[in-house]
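Trainee: Please find one structure pasted underneath; my questions will follow.
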């Protein structure tokens with residue numbers, strides 16, 4: 001069962017991609033990109049996990065020698081979340097512009113580029 | 001390309017990628033094991049700089065340059081979204097009316113939660129080096145907490161509480177402070193974003209040197225950035241009248 005967390009990460013990535021490919025709405029596409037990206041959170045936190053270890057925060061009363069999970073991948077997951085949020089914001093802003101200019105948010109109905 | 005063909009191409013690609021992923025996962029270190037070489041280096045480095053929250057130490061001390069880049073991504077994205085959401089040539093601004101009914105209990109809940117959410121946000125930012133949290137998390141709590149006034153049903157009240165230009169200055173101030181602290185570290189310690197402030201006592205509020213200062217600067221930037229971003233989206237929905245464009 002040691003592969004389970006990694007397989008969940010891979011499944012999230014592919015499920016997100018599947019949603020992007022089958023999307024009929026640009027807002028749905030942006031959400032699917034977020035789902036695909038969330039696979040990386042699971043992968044990073046899965047790699048950093050250690051059974052029986054605590055959070056990498058030494059509150060008063062916790063000895064600094066006690067085992068903790070990997071803080072480096074947690075910091076990377078934080079970076080990842082920030083990037084995901086900014087990408088989603090930009091994609092939604094672009095979707096608003098497309099809805100205004102083309103009158104549709106269905107990617108299949110967007111045939112030509114228009115200035 | 002039809003949807004069917006596109007799905008078939010996707011399935012072929014997904015099968016290949018899936019196989020590569022499984023092959024890679026088979027050679028990953030086993031889940032839950034105790035082999036974490038980065039952890040073994042990051043934890044002593046954080047303790048040497050008197051920072052109980054190792055994640056904050058990684059973000060604002062050990063990998064400070066990456067966080068500077070991350071902050072710049074956020075700044076750029078807020079700028080890009082604001083530019084994309086500006087009113088077009090055929091659009092007019094209209095004054096928002098306080099229409100629609102909000103349940104009294106929602107209104108009460110919003111105004112009760114507002115000070116609590118803002119206090120919690122400040123706490124998460126200021127104690128980012130001691131307890132779980134930090135500038136990014138606390139900044140988002142602050143910015144979304146402010147929008148409880150909108151949930152409580154009053155867009156005009158939110159606008160009075162939130163002169164957007166102030167938040168634009170605050171965002172620039174936060175990002176600028178981060179860069180200036182980095183350069184000061186370069187001048188005093190010959191490394192960009194070096195921890196040059198006094199380290200203090202373990203688990204005290206004023207400790208861990210620049211981690212606290214950078215966390216507060218980041219909290220300022222993130223809170224202001226998210227407020228500006230949400231303001232652009234809200235204005236687009238509530239205040240822009242694009243009926244003429246759709247007709248033409």
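Each residue, glycine too, has its Cβ placed from N, Cα and C.
TrEMBL lists these features:
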{"type": "TRANSMEM", "residues": "B:7-26", "note": "transmembrane segment"}
{"type": "TRANSMEM", "residues": "B:72-88", "note": "transmembrane segment"}
{"type": "TRANSMEM", "residues": "B:108-130", "note": "transmembrane segment"}
{"type": "DOMAIN", "residues": "B:110-227", "note": "domain 'Na+/H+ antiporter MnhB subunit-related protein'"}
{"type": "TRANSMEM", "residues": "B:136-158", "note": "transmembrane segment"}
{"type": "TRANSMEM", "residues": "B:170-192", "note": "transmembrane segment"}
{"type": "TRANSMEM", "residues": "B:212-234", "note": "transmembrane segment"}
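Map these features onto the structure and tell me what's around them.
Mentor: Among residues of the same chain six or more beyond the transmembrane segment (B:108-130), those with a C-beta under 8 A of the stretch's C-beta atoms are 51-53, 56-57, 60, 137-139, 141-146, 148-149, 151-153, 203, 205, 207-208, 211-212, 215-216, 219, 223.
Within the chain carrying the transmembrane segment (B:170-192), a Cβ under 8 angstroms from the stretch's Cβ atoms is held by residues 64-65, 67-68, 71-72, 75, 78, 210, 213-214, 217-225, 228, all 6 or more beyond its ends.
Within its own chain, the transmembrane segment (B:212-234) is flanked in space by residues 56, 60-61, 64, 67, 71, 74-75, 77-78, 81-82, 85, 121, 125-126, 128-129, 134-136, 138-140, 142-144, 146-147, 150, 155, 158, 162, 164, 167-171, 173-175, 177-178, 181, 193, 197, 205-206, which lie at least six positions past its ends and keep a Cβ under 8 Å from the stretch.
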